[in-house]
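Only one structure is covered here, and it is reproduced in the block below.
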Amino acid sequence: MSGIKKEPIESDEVPQQETKNNLPSAPSEMSPLFLNKNTQKAMQSIAPILEGFSPKTSASENMSLKLPPPGIQDDHSEENLTVHDTLQRTISTALGNGNNTNTVTTSGLKKADSESKSEADPEGLSNSNIVNDADNINSISKTGSPHLPQGTMDAEQTNMGTNSVPTSSASSRKSSTSHPKPRLPKVGKIGVCAMDAKVLSKPMRHILNRLIEHGEFETVIFGDKVILDERIENWPTCDFLISFFSSGFPLDKAIKYVKLRKPFIINDLIMQKILWDRRLCLQVLEAYNVPTPPRLEISRDGGPRANEELRAKLREHGVEVKPVEEPEWKMVDDDTLEVDGKTMTKPFVEKPVDGEDHNIYIYYHSKNGGGGRRLFRKVGNKSSEFDPTLVHPRTEGSYIYEQFMDTDNFEDVKAYTIGENFCHAETRKSPVVDGIVRRNTHGKEVRYITELSDEEKTIAGKVSKAFSQMICGFDLLRVSGKSYVIDVNGFSFVKDNKAYYDSCANILRSTFIEAKKKMDMEKKNLPIIREEKEQKWVFKGLAIIIRHADRTPKQKFKHSFTSPIFISLLKGHKEEVVIRNVNDLKIVLQALRIALDEKAGNPAKIKVLANALEKKLNFPGTKIQLKPVLNKENEVEKVQFILKWGGEPTHSAKYQATELGEQMRQDFDLLNKSILQNIKIFSSSERRVLHTAQYWTRALFGADELGSDEISIRKDLLDDSNAAKDLMDKVKKKLKPLLREGKEAPPQFAWPSKMPEPYLVIKRVVELMNYHKKIMDNNFAKKDVNSMQTRWCTSEDPSLFKERWDKLFKEFNNAEKVDPSKISELYDTMKYDALHNRQFLENIFDPGLPNEAIADELGSHSLVDRYPINVLAKNNFKIIDSHSMNNSGKNSSNSVGSLGWVLESGKTSTARNPKSSSQFDEPRFMQLRELYKLAKVLFDFICPKEYGISDAEKLDIGLLTSLPLAKQILNDIGDMKNRETPACVAYFTKESHIYTLLNIIYESGIPMRIARNALPELDYLSQITFELYESTDASGQKSHSIRLKMSPGCHTQDPLDVQLDDRHYISCIPKISLTKHLDMDYVQQKLRNKFTRVIMPPKFTPVNITSPNLSFQKRKTRRKSVSVEKLKRPASSGSSSSTSVNKTLD
């Protein structure tokens, strides 16, 4: 463009600050674009505004947020501290020679006023107190900092646009011993031989950590790699062994190990085989005079099977295993079963003899309506469903038939022994009531502690003794003052009960100490030469990528303009810019008002933006993104103006992140405690991500171990990337037609086969949205909405609730015009309100009784009565495949969950059951529940496709978005491999990097245990982990393996049903293995083979400006300076050395 007065800026110099003198003083300096009268008038109106600010680029690049040193706070102020209160901020610029860093530090530490907490923000975590984005940091002093060890970086980084950025390295935390726990004389070593998923479960972690905290015991976790791949001669030796069967566990192998090493065992491994056959369990219980319900048996398999070893054990307990012939049986009538002359009348319970088969049927008497109920492993919030066609017993397989008993209070009792003299018991709602599972915030079934009667305590002791299981769970029924055992579950712990954890640890401690005394006496009397074996595979390192915790719904308005007024806001940049500072947002608001006055664009669009920006101006996290569109001459022809707000961390985020940090600390204490000495933490610059990283870090190290560690900002790795924008836009254009009438989804779209086509689902959602809009408007007009909910999260109120929903109602008022990108906003909002505004949700969408006429247009039936549910969610995020981990020959096509999704019943009863778990089970909320279900379906099958529909698109978008992060992770793992001590690197980021990184992994060709279309929703705090293990052979040669895991995060299938407390948070689902243990070089090569598929653009993150320049002055030399990788510091800085900075200048 000609005719522009240029201000010369040296191409090798970064301006530290632009002043008012840099700004145009009159419209005569502007581009010919501005020569028409309206434009001149508009720019003359803007000119006075420009006198009040100094445009400059942000100085923040990569930076570190430091946790405070110990002792700056007392315990009583803990709850009042926010991220801002507990972080020191440093901005680091690595000099070009790489020998030192300059660190700019601001203390910014202050004690929060506890009296300032509002009723709406009981945790003192209002968003106004949370640390601002990394861009809004002012520095006041400089301090020296020793150079940090540089991670292994390869030549590939020259393609990723980050070779001038500091590598993933940060100072390591050194644990403090300001409050050391008392140390006691060492007793011995506890070996834990069980599948990792069980060993690292919450109860096991708590109990083992209690055992080792005073130094009496050390633990050795055998681990899946050793258990499955190593010979028992190479398994580590121990004094005491905790071992038990679960899916995939090689029980016979563990039995051979016990015979070889003879450790003290708390649960007899051979006797655990009894639990596989319900017939044997019942025979053992009878031998010990434990009451059980009356029963009949139909064995079509020849009876229970047992090897000689197990037969010998059973004989010791008075049970003889004999072959059994198939009995004569018949149904005398529809209600009476006869087996070998003995009869049983309905209702009765039909149980498979296989102890691992939970498909249990209950048959009801015809006089009570007939039919039956199918019980199954808990799926989401269901554990059973009624089937009116269930009349005749199954004729294939072997079954036990027990007389059905009406239990007291419709409850079952779950009992947990720790030896013969201790038993903890809890009640739960029986699954036969309505099949609805009540869950707490940890995702566990709601239970209540109950006191056992003397008779029940005696029963518990007999169960523990009969099965030779010190730790053993079993189920009781209480019927008219008597108790009956109906199932024995074997090794199991109580969940989420600290008193139980304490009791269990104390009893185990005493047991182990007594056992060690006997073992030592035996050694004295009969010296035994024991071979000592250390752990074969040692946990060496961890790279973990974590999505941020719970947030408010993200909202935005997006419009495009060609007016020079909007183009001038770019400050001459030709890439995306971001504006966050409140003063700068005020200037943009003034520009919008001027543009409205001068009709510089569609008035309706401008008015929407101006009104929204005025309301949200002071909201934390409000920002404007300006995305230029260039013509063939590389000049800006229009600007996409995007106003965003929301997406702020909620009060729940603190609890979620803290809990995850505590869990990881417990894992490290068990796997390799020395890893805590070398942990590096990185975060994107967004507030919700920083907030998560900070609370996770504090919990990981403990309040008494805060040191000088840093949370380092890595925008280049973890912030939004524009590199895949064009490709993602193309994919989004493909998604729109799929939602239109008559369009069938392509095969790779993976739409559930038995669901109506996407258009019909969208159409129904639009109908439901229109219906609920009328209800909400009616209730706002006729009811006192301010009294519906007394406490609000994140400073909301009824008007803001209505504003959010009104925006969604406009987006979903026409099935032909629904934008696929709005589906995530709908699902986001619905999930948020189900957790944080449930009381208001219930009241504002209450259609009233009797139902009003507006309900007639919907009809009385749902679109479908069976909804797709993720296979992993169906199995409670457990991989139910006993062979998958033993059969290395299986490829990914046979991996668990290859079908991905199955249909589950979504029917609800027509009348609310008094024992029902949720107010939303009432018929008047049938449409609201349907809306939630259908929004979930659309979210699951539409939103992940924004990152690619075809495999090629998924890989390309994945690489363009997360290639720098993927490369850095491999560099980190290589660095860990070469270290003598273990290490951990944690990356905190947002959803897009989680999905795209997973797509890279899946497209790399690494054999996976979970098919990609079986991956569940990746919710808040979802994680991807790379675990590194090391083995050293006799010659000193080292081998390394990698195992990939993932967690779906803080997820619930049914947010309307989960029972909440005031914290409104859902716990994190434990990690599940994506792969077996694989050779490290193999994994790295598989991933690197895909890296060369794309070439990263020289710049792929948005410019962040602190003050928009409304003059639209073209500055070619400035753009030139932005594009270079090495920029010299001005001479005034006192250094002539070049500075290596991030290519992205803010």
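Backbone N, Cα and C atoms are what each Cβ position is placed from, and that goes for glycine too.
The phosphoserine entry in Swiss-Prot, when matched to the candidates SER563, SER1107, corresponds to SER1107. Of the listed segments 1-33, 364-396, 892-924, Swiss-Prot assigns region 'Disordered' to 1-33. In Swiss-Prot, the annotation phosphoserine falls on SER77, out of SER77, SER116, SER1136. Between SER54, SER430, Swiss-Prot assigns phosphoserine to SER54; no such entry appears for the others, which is not proof they lack it. For the pair formed by GLU402 (ATP binding site) and VAL494 (substrate binding site), distance between Cα atoms is given as 27 Å, rounded to the nearest Å. For ARG278 (ATP binding site), the number of other Cβ atoms no farther than 10 Å from its own Cβ, over all displayed protein chains, is 25. Of ARG278, HIS358, VAL488, all annotated as binding-site residues, the residue with the shortest Cα distance to VAL494 (substrate binding site) is VAL488. Each residue in the region 'Polyphosphoinositide-binding domain' (530-597) has a pLDDT score, and their mean in this model is 88. The Cβ of LYS414 (substrate binding site) lies under 8 Å from the Cβ of ALA425, GLU426, THR427, ARG428, ARG447, GLY473, ASP475, LEU476, each of which sits 6+ residues away along the same chain. DSSP assigns VAL488 (ATP binding site) to a strand segment in the three-state reduction. Annotation note: ASP412 (ATP binding site) sits in a strand segment as assigned by DSSP. Counted with DSSP, the region 'Polyphosphoinositide-binding domain' (530-597) comes out as 23 helix, 22 strand, 23 coil.
In three-state terms derived from DSSP, ASP475 (ATP binding site) belongs to an extended strand segment.
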